[in-house]
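Enquirer: Below is one structure. I have some questions about it.
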Amino acid sequence: MATSQRKILVTSALPYANGPIHLGHMLEYIQTDIWSRYQKLRGHECHYICADDAHGTPIMLKAQQLGMAPEEMIAQVNKEHQQDFADFNIAFDNYHSTHSEENRVLASDIYLKLRANGYIKSKSISQLFDPEKSMFLPDRFVKGTCPKCKSPDQYGDNCDACGATYSPTELINPKSAVSGATPVMKDTEHFFFDLPAFEDMLKEWTRSGALQTEMANKLDEWFEQGLQQWDITRDAPYFGFEIPDAPGKYFYVWLDAPIGYMGSFKNLCDKHPELSFDEFWAKDSKAEVYHFIGKDIVYFHSLFWPAMLHGSGYRQPNSVYAHGYVTVNGAKMSKSKGTFIKARTYLDHLDPEYLRYYYAAKLSSRIDDLDLNLEDFVQRVNSDLVGKLVNLASRTAGFITKRFDGKLAKIADTTLTDAFLAKQEQIAEFYETREYGKAMREIMALADIANGFVADAAPWQLVKQDDQQETAHQVCSNALNLFRILVTYLKPVLPRLALDVEAFFQQTLTWDALNQDMAGHEIAPFKAMMQRVELEKVNAMVADSKENLQATSEPEAPKGPLATDPISDTINFEDFAKIDLRIARIVKAEHVAEADKLLKLQLDIGGETRQVFAGIKSAYSPEDLEGKLTVMVANLAPRKMRFGMSEGMVLAAGPGGSDLWILEPHEGAQPGMRVK
């Protein structure tokens, strides 16, 4: 056991209950599962809990489209999610749903405490209302013409074409995305959480070490912009929890979603009376609470969530750890390319241990995006897991079984064993600090040493010589003991392989048993533990992931982009000459808080720096853009936006969403050059 046992509660973000798990999701659950398994391997009391995020307008509408009750749909999705996670060897101690009695009670409790403490405000607001569906329309459920650039079919909060942000009421010719009806304005009373009241507490907490440096720096920007009152209300019809004392008013999904962590743990406590909910969540709790999340939901977890907990008398998490996005072959996951891969599709073709190892080998404590390069995936799995790790046992175990009664010899020279054991604290530190890539490199470096030892000793030659039998016994026993140590180090990453190795050694692999003397220990006959991954299987997985495109029944219809976006009316040369296009280098790119589609760009145009807000967040992460050359409209009148002044426009092509590409000039171009 560990010298000082810790009490730990760890969570992953709750997957939304309106669709399947994909490999982008799996990064987080694998990352968290490795950390949880490591804590348990060290003898700590660690509870890994999660749940489906099961409320909101999207779920209500999708259930209607499927002709199902929302409760029926989320139950079905929950079952599918749990099966996917189980097959990826994600070892939750409890998996629940935010649509639960535990969560309803806790959400109401927290709200009522916030209200009693003066942190809930009420005011009347005007919102767009769908007269056909008799429902208020959230931002994303209204579409119309952008009030800034006049582009049609834009959402109610942000324009894909020009990057402008606005309120739904500013749209030209707005239409309900639910029914197509023209919405009307209607007043409604909403409740707001007084987030600005917690600014001092949040500034202290975010700089306490609870967040990664990159996250804390981003929060400083949000503090500079000023915290806003947070609307926690949605009007009926809505699938969620009704707000106490407010008939027809429901909690916004982001209020009860993080409370789902508490609800799932309460459900676990009810199953295990020896567990105390208050021991982990009371204000004076000495237990540890950690949240693993994606970088896209930092705002909710590092501002709203700790403020809600503090204002209602609960403890704050020790840390919130964010990770980046998953790209495939250097690009955003794409359905048409077959790189938007569902967890189930992967499982139909490949061993989950492969992906667990590959993600671990590339994960760090930073918020960098992780690229799943499929060719590198094949090479790394085959080289590290099959060629180095399992091969160490496969080429030595047979000699022990056939020639030495299956029993290991006492190692006379422990130099290698001592060197392997000397790495345990460094590897432990890497696991603890989520530097999994560094841990994998240390472990594989040891595997190289072990394989070199076997290759140099050549036991297959020694067993042929009568006077070298004891040496052969020593070499093979030493190799297998090194293999045991390596797999123990890898047990959090490769749990199924660890089970196979435990069956082979006929004992449980534990951290405390790393230095166990294995002399005289009997092993079971060796069985194949891991197969090489073939590129053909990977290609078959990609083929199965490709979106089925419907063939058109009108062969003469226009094809390509012109089919949906015809060429505009002819203009005179004088009109074009008014536009000053310049080469610009993207010096810095940043996310914009509370903007779903915007990135803030700092552009060098040759002796002058411009700030531009661009609606390209769906296609690019900031780090992908920095250093690139692009083309900007340099003489566009500056436009004051909610987030600052935009001093131009960058050019991009594509229909939108993930299929959007900024223009990149030839490398010979220089910032400031005119495009003619």
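Even glycines carry a Cβ here, placed using N, Cα and C.
From Swiss-Prot, for reference:
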| type | residues | note |
| --- | --- | --- |
| MOTIF | 15-25 | motif ''HIGH' region' |
| BINDING | CYS146, CYS149, CYS159, CYS162 | Zn(2+) binding site |
| MOTIF | 332-336 | motif ''KMSKS' region' |
| BINDING | LYS335 | ATP binding site |
| DOMAIN | 575-676 | domain 'tRNA-binding' |
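I would like each feature placed in context: is it buried or exposed, what are its neighbours, and how far apart are things?
Expert: Model confidence over the motif ''HIGH' region' (15-25) stands at 97, taken as the mean pLDDT rounded to a whole number.
Using a 10 Å radius centred on the Cβ of CYS149 (Zn(2+) binding site) and all shown protein chains, the other Cβ atoms total 14.
DSSP assigns LYS335 (ATP binding site) to coil, not to a helix or a strand.
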Enquirer: Distance between CYS149 (Zn(2+) binding site) and LYS335 (ATP binding site) at the Cα atoms, whole Å?
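Expert: Between the Cα atoms of CYS149 (Zn(2+) binding site) and LYS335 (ATP binding site), the distance comes to 30 Å.
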Enquirer: Counting only residues 6 or more past its boundaries, what in the same chain has a CB within less than 8 Å of a CB in the motif ''KMSKS' region' (332-336)?
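Expert: Result: 22-24, 325-326, 545-547, 549, 619, 658-659.
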Enquirer: Between the binding-site residues CYS159, CYS162, where is the Cβ count within 10 Å the lowest?
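Expert: Comparing Cβ neighbours within 10 Å for the binding-site residues CYS159, CYS162, CYS162 has the fewest.
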Enquirer: Whole-number Å only: compute the distance from the Cα of LYS335 (ATP binding site) to the Cα of CYS159 (Zn(2+) binding site).
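Expert: Given the Cα positions, LYS335 (ATP binding site) is 23 Å from CYS159 (Zn(2+) binding site).
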